[in-house]
Amino acid sequence: MLVAAYNEEDSILTTLASLGKQNYPAPVEVFVINDGSTDRTMELLRSVSYPWLHVIDLKCNGGKANALNIGLRQASYPLTITLDADSYLYRDALLRLVERFLSDPPNTAAVAGAVLVRNSRTNVVTRMQEWDYFHGIAAVKRLQSLFQGTLVAQGAFSLYRTDILRTVGGWPECVGEDIVLTWAILREGHRVGYCEDAITFTNAPTTFHQFVRQRQRWSRGLIEAFKAHGELLLQRRMSTLFIWWNLLFPYMDLVYTLVFIPGLLLACFGVYWLAGPMTLLVLPMAFLVNGLMYLIQSRMFHEQELKVRRNPLGFLLYTLFYGIVLQPGCVMGYAAELLRLRKRWGTK
């Protein structure tokens, strides 16, 4: 297991504690790569002792991809799992992830775990993201997995075949290293799966600025993936359908930002130049669709003996206003990548 850590003094010990509580019946080695942290991360790592823990201390910050690739060189087991340094693994998450890999088709090279929001009670920003992770992102991954088309094994919690990782050259040096890596695996003809009951809880951005920066990075990663592996659009397999769907994202986000949002605002004042009264019917439809997705995802939660927190305010804000913040942020990310602006990590 590889854990890249940069200034994670607030969470690294609880992350390691969650690993120590895993009921996994086979040997495990965990490499925590301290990527030039300037806080007490390294001091805290030295203060704990686990038989499976190995710490790699990098004196200079080289980025997440570099840290993971350094850890990959030390990996000696046939399976490699990545975990964010501010994540908390739910019970049996490792076991469930490996079991899903072993039960999936033989050409499976990676399996993505389920990522949910850990700090959802911090403020309004995290309350909205709780809904996005809970049934927005999770529902898309379940749909893709149903049709053998999972497109992203996210770095927050995913399993990979170690030999395939080395074959494709590990994580590329870019802001969307996880999607570009996943598409490299797909390009080699392998399959990527999804395990909805292997759960980790991670900290979401706590401010709108951090949130927008994160989604800009994700959007840039999508463009990076198309630039590096655009030929996937021509492959004859189920995942190609979802890659074509992803190709529409920039155009849909652009139309939403430049047409739908201004049109909705004008319609509220009786000016129907871009959107008419019928456009407002989108709002009750959005509540209906999100309600159905909530019911489906809740069943999985109950099977895991997890309780869905009551968060009506987050649901209301997520349904009404989330896209108004999200889509313009995505458009800025696409533009930044196409214009080749300087790449910054921002936030995870």
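Please read every residue number as a count from 1 along the shown chain.
Glycine residues also receive a Cβ, built from the backbone N, Cα and C atoms like all the rest.
Marked as domain 'Glycosyltransferase 2-like' by TrEMBL: 3-168.
Positions annotated as transmembrane segment by TrEMBL: 242-265 (among others).
According to TrEMBL, the transmembrane segment annotation covers 271-295 (among others).
Within the chain, the transmembrane segment (315-336) has long-range Cβ neighbours (under 8 A, six or more residues past its boundaries) at 124, 127-128, 131-132, 208, 211-212, 215-220, 222-223, 249-250, 253-254, 256-257, 261, 283, 286-287, 290, 294. Annotated transmembrane segment per TrEMBL: 315-336 (among others), in sequence order.
Sequence-distant contacts of the transmembrane segment (242-265) (same chain, at least 6 residues past either end, Cβ-Cβ under 8 Å): 144, 147, 149, 151, 219, 222-223, 226, 232-233, 273-275, 279-280, 323-324, 327-328, 330-331, 334.
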